[in-house]
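Have a look at the structure below before the remarks.
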């Protein structure tokens, strides 16, 4: 009965999100594998040279642009973070993070799932040049994790899928905070003041409920530039922009107009082909239906396929390729061990222990329909840290510490793969055990 209620509570938006993210996870994995294959083939020199190719335009002696790698990591990933920000705002206002009762359990789980891996890594790499990489195993890749959980189908309770999604959203928010606090260097306050001015203008537009997305996006570009110049990673600008996008919907008059158009269409005669009148009515219905959506919903709907099927796979292809040969030093500090143990051990232990203790102390309550064994399984899948972990590794290790960056990427791939396989097998076995008991 409780499971049925949970399933009914899962909105259509959330179901569509699961489907798109799960497919995106599979596509992401294929691109990561392809990157490793190309980086270790006869094409490896061309592969690595490609990402350092400058792309932009020249004005006299002045070049405006970036390398392809920077375009992907700083510009395209800003759109990915904009999508993340929109998802977080939606969940905070209307979803599983909209009340303390709903949010407390997954948020506490996310905190435990970030602290434990970070501590494991830091303990192993303390007082070394690689200690700054503690943020790498703290992240969860929602696309990969959902890709695995959706392959298990009905063997996994719907309530567990909701929990994992909410945990991953809270984890993304935590990762954004970590990036802003620990991976910011050489702050330039003049540019920060410029960014603050842009944010104030965005806040005024939000207050006025400006429904056109164009002013927000144009100001978002300016905000990105100011934040990029300030020393804070530019993707933070995308998250701030997301929180400034209005979520209010228009008055009920639009609903009435939509109903009248629906009645008009129903009254028209139907044939093998649509008449000109029917086509015009359907076009009007489409326009009115779009107008009923909030700017946040419209932007999220637009960005979802771009993020899932283009930006993240391209990021994976550009960043996952590591040439594994005799020149790579896998023993650089304890990066390999720190990342793998952080993802495979720290994530499940952190999530399980902090939620177990918080429930015993009556701080929060476990969602109905989920056992502690399920929580442990979700913790294992949360150890799939691919996209955000790769992103943080690029911030943590500069070109001067290239060996550590390459080892971290190998560790992320291995740790994520181990977590995904063990998590999937564990949840599969858990379902089989439950079926035998029945």
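Including glycine, each Cβ sits where the backbone N, Cα and C put it.
Feature annotation from Swiss-Prot assigns transmembrane segment to 23-43 (among others). Using a Cβ-Cβ cut-off under 8 Å and counting only residues 6 or more beyond its ends in the same chain, the transmembrane segment (23-43) has close neighbours at 141, 143-148, 307-309, 312-314, 316-325, 386-387, 413.
Taken from Swiss-Prot, the feature transmembrane segment applies to 62-82 (among others).
Among the features that Swiss-Prot reports, transmembrane segment is placed at 104-124 (among others). A Cβ distance under 8 Å defines the sequence-distant neighbours of the transmembrane segment (104-124), meaning residues of its chain 6+ beyond its ends; these are 96-97, 131, 133-140, 163, 166-171, 173-175, 178, 333-334, 337-339, 341-343, 345-347, 349-355, 358-359, 363-367, 375, 378-379, 382.
The annotation transmembrane segment is assigned in Swiss-Prot to 133-153 (among others) on the grounds of sequence analysis.
Among the features that Swiss-Prot reports, transmembrane segment is placed at 162-182 (among others), with the record citing sequence analysis.
Feature annotation from Swiss-Prot assigns transmembrane segment to 185-205 (among others).
Taken from Swiss-Prot, the feature transmembrane segment covers 221-241 (among others), and the record attributes it to sequence analysis.
What Swiss-Prot lists as transmembrane segment is 302-322 (among others). With a cut-off of 8 Å between Cβ atoms, the residues of this chain six or more beyond the transmembrane segment (302-322) that come close are 17, 20-21, 23-24, 27-32, 34-36, 38-39, 44, 47-48, 51, 68-69, 72-73, 76-77, 79-80, 82-83, 86, 143, 328, 386-387, 390-391, 394, 406, 409-410, 413.
Marked as transmembrane segment by Swiss-Prot: 337-357 (among others).
Sequence annotations record features per position, and here Swiss-Prot assigns transmembrane segment to 372-392 (among others).
For the transmembrane segment (410-430), same-chain residues at least 6 beyond its ends with a Cβ under 8 Å from one of its own Cβ atoms are 32, 36, 136-137, 141, 144-145, 148-149, 151-152, 155-156, 320, 322, 324, 328, 330, 335-340, 342-344, 347, 373-374, 376-377, 380-386, 389-390, 393. Taken from Swiss-Prot, the feature transmembrane segment covers 410-430 (among others).
For the transmembrane segment (62-82), the partner stretch with the highest count of Cβ pairs under 8 angstroms, out of 185-205, 221-241, 372-392, is 221-241. Long-range neighbours of the transmembrane segment (372-392) within the same chain, counting only residues 6 or more positions beyond its ends whose Cβ lies under 8 Å from a Cβ of the stretch, are 28, 32, 73, 77, 80, 109, 113, 133, 135-141, 143-145, 148-149, 157, 160, 163-164, 167-168, 171-172, 175, 178-179, 183, 312, 315-316, 319-320, 339, 343-344, 346-352, 355-356, 366, 409, 412-413, 415-416, 418-420, 422-424, 426-427, 430. Sequence-distant contacts of the transmembrane segment (221-241), counting only residues of its own chain at least 6 positions beyond either end whose CB sits under 8 Å from a CB of the stretch, comprise 74-75, 77-82, 84-85, 88, 176, 179-180, 183-189, 191-192, 194-195, 198-199, 202, 395.
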